[in-house]
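**Student:** Pulled these features from TrEMBL for this protein:
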- R20: active site (ACT_SITE)
- N38: active site (ACT_SITE)
- 5-93: domain 'Acylphosphatase-like' (DOMAIN)
- 203-394: domain 'YrdC-like' (DOMAIN)
Amino acid sequence: MTPVRRLARVTGVVQGVGYRPFVYKAALAHGLTGWVLNDPEGVLTEVTGPLAAVEAFLAELTDQAPPQARVTGVHVEELPVPADPSAEFVIRTSVHTGSKDTIVPADGHVCADCLAELRDPADRRYRYPFINCTNCGPRYSIVQALPYDRAQTTMADFTMCGTCAGEYGDPLDRRYHAQPNACPDCGPRLLSADASGNTLQGEEALNAAVAALRGGRIVAVKSVGGFHLAVDARDEAAVRGLRAGKRRDSKPFAVMSRDLETAAGFAEIGPAEEELLVSSSRPIVLARKKPGGLPEAIAPRNPNIGVMLPSAPQHHLLLAEEGLDTLVMTSGNISGYPIAYRNEDALEQLFAIAELVLYNDRDIETRVDDSLVRVSAHPELDGPLVSFLRRARGYAPYPVEVNVELAPMVAFGAELKTTVALSRGTRVYLSQHIGDLKNDETWESHQQTARHLAALHELTPRNAAVDLHPQFRATRLALKEEGAGYDRVVQVQHHHAHMASCMAENRLTGPTLGVVFDGAGYGPDGTTWGGEFLLGDYREAHRVAHLRTVPLLGGDRAVKEPVRTGFALALDALGEPEAAVTAFPVLGRWDEQQLHVFATMARRGVNAPHASSMGRLFDGVAALLDVTTHAEYEAQGPIELEGLLARDLSMTAPEQRYRFAIDSTTTTSSTAEIDPRPVVRALARDLADGVDRAEISRRFHSGVVDMVVERTLAVRENQGADAFEQVVLSGGVFLNEFLLVNCLVELRRAGFRAYCQQQVPTNDGGIALGQIMVAHARLAASDEEQRG
């Protein structure tokens with residue numbers, strides 16, 4: 001039989017996931033000769049053999065790929081068969097030159113084979129907290145440069161023993177070229193330290209942590225991407241102690257459970273939640289609480305609980321101990337600062353909260369927080385709807401594939417929940433969640449992440465995209481470097497970036513209506529936006545409707561004290577402070593003088609900037625119902641207002657839904673104003689009639705859904721039947737499950753193609769993706785105009 005020769009280029013997540021040994025074994029199984037190697041673009045392999053065997057081999061490159069691999073393309077080239085073909089198949093040395101287009105693998109959970117060895121007393125890695133293989137273990141958090149080889153990770157300082165080196169060099173071994181490969185004889189060590197400086201190693205360190213947790217004490221635990229603060233989740237006093245230490249009175253904590261069976265004892269775990277929980281990414285999954293499960297102090301006034309399963313070997317060892325089947329695992333940081341990920345920082349900072357630090361001597365190159373997701377269901381949705389509240393460990397830095405060819409560019413995201421993004425080709429590499437840029441430490445993390453992503457992919461972005469807000473730190477820095485660090489800097493309006501982010505991940509082009517609801521974003525007119533209907537595309541978007549503005553009494557203070565916004569809404573709807581207090585008794589907690597001061601601020605605009613914000617409307621309604629008058633954490637009012645619905649997504653009867661008005665002076669103009677004053681008056685009537693707060697919340701939520709659909713229909717009528725067919729929903733308010741699901745369903749019923757975000761967060765964590773798309777479109781249009 002005449003042999004054939006093929007060269008195959010495989011792209012995607014194909015390094016650090018056991019892809020070369022997989023190719024090696026497949027080639028041997030089919031009797032082929034040739035070679036395989038890693039290079040900066042992915043994996044390259046050449047094979048020679050019978051046509052049928054070669055075709056079967058090529059098919060397996062995608063169909064039978066290792067579990068951690070994500071193959072995005074296989075390009076095959078025919079080559080002439082040499083006169084003296086190779087008689088063997090070999091794995092060649094990695095090539096380090098050329099354009100780097102491979103994808104760094106995300107950190108992965110311990111695989112079943114490694115778990116079996118971890119629990120086997122006869123195995124040499126029995127109870128070894130850093131067990132891993134080519135199918136699992138740390139990746140993004142330890143990689144320093146590509147190609148992904150041990151010398152370019154934080155494992156470079158650990159020299160493998162003879163046995164580990166033998167595994168590493170054997171193509172038929174599960175640990176062939178597993179870069180973090182190690183054992184108790186040659187690898188990282190588990191350590192513990194207390195506030196007095198007493199240190200322990202190995203099993204003694206683990207036992208000290210177990211004893212502390214059983215004793216109700218707080219332990220800082222070094223995980224894959226940083227430190228957690230842990231307590232026994234079944235010990236209410238310990239949970240309250242952790243709240244005191246974190247200065248976190250009510251913001252929900254996440255928990256880590258031993259296994260699915262344990263988690264199902266306190267949370268409702270459906271098939272979709274189970275699939276996420278047991279996935280290699282191991283995110284926190286928001287699940288419905290079961291009554292009588294864990295202490296209410298873990299997630300007070302919330303129908304959900306964030307639950308995850310162990311993501312590292314040391315988690316399995318801790319949770320295997322008697323009486324420790326579930327731990328609270330919250331970010332290991334001082335309030336307002338990023339999670340600690342360096343040993344020295346943890347040992348310096350975390351004893352302010354923890355009594356013991358359980359750590360190790362394997363450095364983390366990049367801090368990576370836990371990812372947080374939620375699954376929603378509705379009979380009219382095409383399967384489970386997965387929403388990211390935070391995208392980090394297990395998913396970053398996987399790129400978003402778009403349908404536009406992009407030049408190298410960096411986007412610096414927003415000021416809150418920020419991420420950074422870099423583009424090349426049809427990929428946008430989105431970083432892990434970084435946090436709020438409130439301090440120098442988080443800012444440095446933001447900048448370091450941008451540098452690291454660029455270095456990993458050998459990207460030198462010539463242009464930058466930033467927010468329109470002139471006071472944002474990233475905006476000021478980028479504009480300062482325009483002409484020096486960057487050729488051009490493009491400022492992108494916040495809500496246009498939200499809209500473009502949703503368009504990009506759904507690979508949309510053309511005229512689109514963006515319904516963008518959030519807390520705040522700087523508008524082109526210099527005011528605060530947040531309740532927007534935008535019509536346009538990547539290049540430009542025009543405001544066609546917005547929520548009526550409300551004064552924020554005291555500016556940013558109104559965000560922390562939403563009762564101020566509640567008063568402003570009531571004053572606007574009812575006219576006088578006395579009427580507002582009569583309708584909403586919660587406002588009577590202020591004395592008459594303070595109420596009149598607030599009324600004067602609102603009417604004269606004194607320290608009361610106006611905002612057209614849906615997030616602030618939800619704040620105000622939560623306050624008027626006395627659900628949340630003062631917020632400890634962002635969006636607490638909206639979260640607790642939605643919590644009254646207990647994740648029941650059913651709309652109330654049409655005649656009971658609160659109705660918004662449209663300002664009659666704007667209905668024929670280009671921009672309509674959506675007036676919530678009738679909604680506030682309806683709230684007052686229902687409160688006076690003794691309607692249950694949960695029912696009032698449902699009527700309010702249902703009214704917002706109706707308003708979205710009605711306004712979308714009105715925009716199409718005003719703009720023309722062919723103006724748009726696709727609608728995207730974005731912004732942090734659409735983390736509200738009731739609003740998101742019902743808007744999708746009702747818009748589709750009305751004949752629109754409605755989309756939301758499932759690859760990146762709909763909150764500000766997705767802004768950087770949108771900034772890239774808008775900036776690219778504008779620069780391309782500018783270049784085209786100059787050429788024309």
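Placed from the backbone N, Cα and C atoms, the Cβ positions cover glycine too.
Those TrEMBL annotations? Automatic predictions, nothing curated.
Remember, it's a predicted structure, so these values are computed and weren't measured experimentally.
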**Student:** How far is it from N38 (active site) to R20 (active site), counting Cα to Cα, in Å?
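**Tutor:** One finds 8 Å between the Cα atoms of these residues.
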**Student:** Tell me, how many other CB atoms lie within 10 A of the CB of N38 (active site), whichever protein chain they belong to?
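**Tutor:** N38 (active site) is surrounded by 25 other Cβ atoms within 10 Å.
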**Student:** Let me know how many other Cβ atoms fall within 10 Å of the Cβ of R20 (active site).
**Tutor:** 23
**Student:** When DSSP is mapped onto helix/strand/coil, what comes out for R20 (active site)?
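**Tutor:** In the DSSP reduction, R20 (active site) maps to helix.
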**Student:** Using DSSP and collapsing to three states, where does N38 (active site) fall: helix, strand or coil?
**Tutor:** strand
